[in-house]
Every structure is written in C-alpha cells, then in structure tokens.
Amino acid sequence: MSLHQRPHQKPLGADSLPVSTGPANAAPSRPLPLLTLPYLFSLLALLLLLALLFPWGPPRHSAPASPWRSYTLQDAAAFAAASGNGTIILAAISGPYLPFLSNWLISVRRAGRANQVLVIAEDYETLERINAAWPGHAVLVPPAPDAQAAHKFGSQGFFNFTSRRPRHLLQILELGYSVMYNDVDMVWLADPFPYLVGNHDVYFMDDMTEVKPLNHSHALPPSGKKGRPYICSCMIFLQPTEGAKLLMRKWIEELKEQPWSRKAKSNDQPAFNWALLKTAGQVDVYLLPQSAFPTGGLYFKNKTWVKETKGKHVIIHNNYITGFEKKIKRFRDHKLWLVDEHGDESPLGKI
C-alpha cells in the first residue's frame, strides 16, 4: 500500500456505534478553556514577541566596518606623495565618472606617474570600489554630497560637486605637498611635469580657443567680455606656498559670493578666474604653453592648428562638449578612448 493512501474503512453498522457510558440526560461538554479565542490571541502575541526578541536561526554577525571609512586625507596624501617626492596628482569623481577615471589613469600610467595619483571619491561606493582594486589611492573627505548621480554641466549638483575642489586642494597644500589637479575627461599624451618650469606658485592652462603664437606670454591673460580671464580650472598645479594658499582661499570666498541659482547656473570656473584677477600681483602665476595644453574647443575643432602643432601636445581636455556619450564618442573618433582596447592597463582593471 502506498504511504499516501488511506486504508479503506467499512461503514459503521448499528452494532458498531459507540455506546455512551454516561447518564442519558448529561449536559453537552464545554470546550476546554485553553482553546478559547482570547487565549489563542494571547498565545499568538506571545509567540510574535518571542520571535522578535529571539530570532530563529543561528546568530547573525554584522559585516566588519570598512577600514577606508576612517582613512583620512592626511593618510592618503602621505601615501600618494611618497611615490612622487612630495607631489600628488589629484582627481575627484563620483561613481558615474569611473570609466573616465580609468581612461585617464591609463594615460597617466603610461607617463610613469600613476603611483602619485590620489582620487577624492565623492561617495562611499566609489571609495570602496577604487580601493578594492587599487588600495590606498582613494579617500572620501566628509561630508559626502547627497546626490551620487552624474551631474549635468550647469546643474546645481554639478556646482556642489566642483565647488568642493578648492577646499581639497587647500587642505593638501596645508599638509605641505605640491599638487596637480586634473579633470578626468583628460588624456595625457606625454608627461606634463617637464613643462612646469621655474618656481611659480600656480600653473594653469587657458580655456580660450583663439590661437596664440608659439612664444606667447606666460602671464595671466587679459580679461574678456565678462571682466575676468578665461583660465580653465580643469588643470592646475600648485606649490605649497603662501601665494597658492591665498588663491585657494580667495576661490572659496568667490564661490560663497556666487552661489548657484536657476538664473545664474554657475560652476566653479568663474569663481576661480575672479580669484586669479583679485589676487593678481600677490600670486606668482604661470600660463602653460597652448601648444602643449590646448582646450578642447581648439584641439577637437581646429584641424589646421592640430597639424601645425603635431608632436607638441601633452594633455588633451575633452571640454567644449557636454554629455557622457558625446564625450566618449569624440574620444573614440580621435583614438583617445583607451579603455576599449587597453582597459587592462588601468590600475582599476576593466570597468
């Protein structure tokens, strides 16, 4: 017989009916008190309470806290500077910029400077992801911005993201290190450090597309129509001098005086240029050669100039265009999107 089949039962006959042994006029039996509804509800409540106080199953152990949460800028700066004689190469990103970071890192590594890189991660997930692949090269400076999505140029999120930059730079200067800042939508074609000639406080590149003579002045360019210069805050080299620190403090002040609004959709660059103008004469500045450090509006749009200056280009900035996909396409069109075929060269591995 199958274990799941019940045995056939014969119907009860009259002679097999149970015979009551009690009195004929006995009252019907009452349900036991333990089975009353109030009792059942009380029992159920008790079981729920016990389940909350003593969950079933083995005890759960919380994951150990990440060591990178307590990793400070002072620790990270010392780590990166140790590989570069006291000089740090700095970038700042949130998660959506990881492919650009990887692309930039490939070019920096080819120039032999990757060990000097320190990445300011603007969210904890990015911090963990970078340090899992490349321990010690990322740090988060609290408080982390609220929004972690990619920010459109001109948006409040983009302003909040970029306006933290001068604070990071000032902190590193106050620790006694030199620092080069790069946006990650850049590609190095050669090592830029041989171009940092002299002993100036600050080095930067022009953001204008007008072609300059090869022997152009290295002084702060004259102001444009808006009453200020058009220097790019995308690539800056700073020495730990009082002049450089003064410029960073003034940049921070200008950002406070020119906050983002829906009418004036600002970013950090106008404030940087006002700071340069207002500290002129107090800070020793040096404009890098345009042929080596062209703005994207010149390099990607003036083919004649590119041919005339072939072999002189050092850092290419993919600006004068907005949108991740558009930037990636333009890099690909000019064979500068290195992660497609050389992703294994990135310290982060293939993204």
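Using N, Cα and C of the backbone, Cβ positions are placed for all residues, glycine too.
Features as listed in TrEMBL:
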type     : residues : note
REGION   : 1-24     : region 'Disordered'
TRANSMEM : 37-56    : transmembrane segment
TRANSMEM : 76-100   : transmembrane segment
DOMAIN   : 115-331  : domain 'Nucleotide-diphospho-sugar transferase'
Long-range neighbours of the transmembrane segment (76-100), counting only residues six or more past its ends (CB under 8 A):
108, 113, 115-123, 125-126, 129, 136-139, 145, 148-150, 161, 164-165, 168-169, 172, 175-185, 324, 327-328, 339, 348, 351
Model confidence over the domain 'Nucleotide-diphospho-sugar transferase' (115-331), averaged pLDDT:
90
